[in-house]
């Protein structure tokens, strides 16, 4: 919420602000909670990246985890500055990440191996150029929602074709964190005026970040399991310290 407070970054130039008082805790950080709440996203993506590299999953999953890290860093910079350039550095990777999810979800059944990545790469490049020149706040949200919706039918197909209960639980955790995070996001946007009068701000957008960190981790882990099944790597869901899930595989010796 803009309040005219002087700051290190100058006047707000982003097209979007959230329901957190600007520079309430630091002269250098516009939205403190919305900034630091991205740290769990980075840590979870690092865990996923280490597991993907250690077990030599396909490079697409390493790239996916790295994209989660880049997105979280972009979000931190955006919320810390509330500047237009940093907003683009947050929103453009959001679209790129969804294009990567679309590739991972649909590529196994795509008959022409080079056409899909080529098209998605060009699409992402064109979007980045257009987005750097044109501000379209509502249009961006609709566009991003459409990309998300394109992933849901394929995720459901993977879910119903997976018999492993632990893998199905990952998919349910993915859906649950998405729904809970979306409620927090909507509440922060729709009821901001009311929340601003409260003695305590629940920081709905910051909680959304945390939920989305876990959401991405559960989605990535579920997709790694499904892909390992396709490759006949005998995957199973293991649990670090008895509760934190990750995928463990056993590749045939010929691989």
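Residue 1 is the first one shown; counting continues down the chain.
Glycine residues also receive a Cβ, built from the backbone N, Cα and C atoms like all the rest.
Those TrEMBL annotations? Automatic predictions, nothing curated.
Quick caveat, the model's predicted, so the values are computed rather than measured.
The Cβ neighbour count for residue 31 (Ca(2+) binding site), using a 10 Å radius over every protein chain in view, is 28. Residues or ranges marked as Ca(2+) binding site by TrEMBL: 18, 20, 22, 31.
For 32-50 (among others), the entry in TrEMBL reads transmembrane segment.
Under 8 Å from some Cβ of the transmembrane segment (62-82) lie the Cβ atoms of residues 9, 12-14, 17-18, 22, 28-31, 34-36, 38-39, 41-42, 44-46, 48-49, 52-53, 89-90, 92-94, 96-97, 100-101, 104, 209, 213, 216, 220, 223, all in the same chain and six or more residues away from its ends. The transmembrane segment annotation in TrEMBL covers 62-82 (among others).
Annotated Zn(2+) binding site per TrEMBL: 79, 205, 209, in sequence order.
The transmembrane segment feature in TrEMBL is assigned to 119-136 (among others).
The transmembrane segment annotation in TrEMBL covers 171-191 (among others). Beyond the ends of the transmembrane segment (171-191), by six or more residues, the same chain brings 18-19, 155, 158-159, 162, 203-205, 207-208, 211-212, 214-215, 218-219, 222 to within a C-beta distance below 8 angstroms of the stretch.
Taken from TrEMBL, the feature transmembrane segment applies to 206-226 (among others).
Residue with the densest Cβ environment among the binding-site residues 18, 20, 79: 79, by other Cβ atoms within 10 Å.
For the recorded Zn(2+) site, residues 79, 205, 209 set the reference point as the centre of their Cβ atoms, and the other residues of that chain within 8 Å of it by Cβ are 18, 20, 31, 33, 34, 35, 37, 38, 75, 206, 208.
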